[in-house]
Amino acid sequence: MEVHGKPKASPSCSSPTRDSSGVPVSKELLTAGSDGRGGIWDRLLINSQPKSRKTSTLQTVRIERSPLLDQVQTFLPQMARANEKLRKEMAAAPPGRFNIENIDGPHSKVIQMDVALFEMNQSDSKEVDSSEESSQDSSENSSESEDEDDSIPSEVTIDNIKLPNSEGGKGKIEVLDSPASKKKK
C-alpha cells in the first residue's frame, strides 16, 4: 500500500514489487487461492501454459459412404443429360409442340388433377380427428348405413365446402371489375 508515493509495508503481504508500468504488484495476492498452481494470474493470461492438452486429443474418424449419396450422384448426370436432350428437342421442334396448354396431338392422354391447398387451424384439426374416430366407429358397426355419414362428402359444392376461418362471420365479397359489369355500361 502506498501513501503519497511512499510504499508502506503491511503485515499480511510481502513487500510489493513493481511491474513495467510502475504499479506495485503483490505476488501473494496474485497467487491467492491457487494452492500453488499460479492462481488468478495464470487464469487471466491469454498465453498461460496450457493445462494437459495431450491427454484430450481429438481423433478424426472416417464416416461410411451414404447409399443415398451414391443414388444422388448417379441421378444428377442422368437429369443433366435429359435436360440437354429436351433443350435440343425444343430448339428443333415447331414452336407449339412443347406448349403445356396445347394438349392436342400425339400427347393427348392427359390426367387433370384439381388440388386445393389450405392451412388448417386448431379447431379444424380437432374436427378432423373426431371425424376420423367417428368413421372408424362407423366402419366397426356394420348395421349403420354409409348415407348417414356426412363428414366425407362425395363432391365439394358451395353448400358443403368448409373454408378456413369461416367461423368468425361471413366474408365481404366485392366485385371490382368483371365482364358482366362492362356489358351493362
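Backbone N, Cα and C define each Cβ position, glycine as well.
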According to Swiss-Prot, of the residues SER10, SER66, the one annotated as phosphoserine is SER66
Same-chain residues at least 6 positions away from SER66 (phosphoserine) with a Cβ under 8 Å from its Cβ, in sequence order, are none
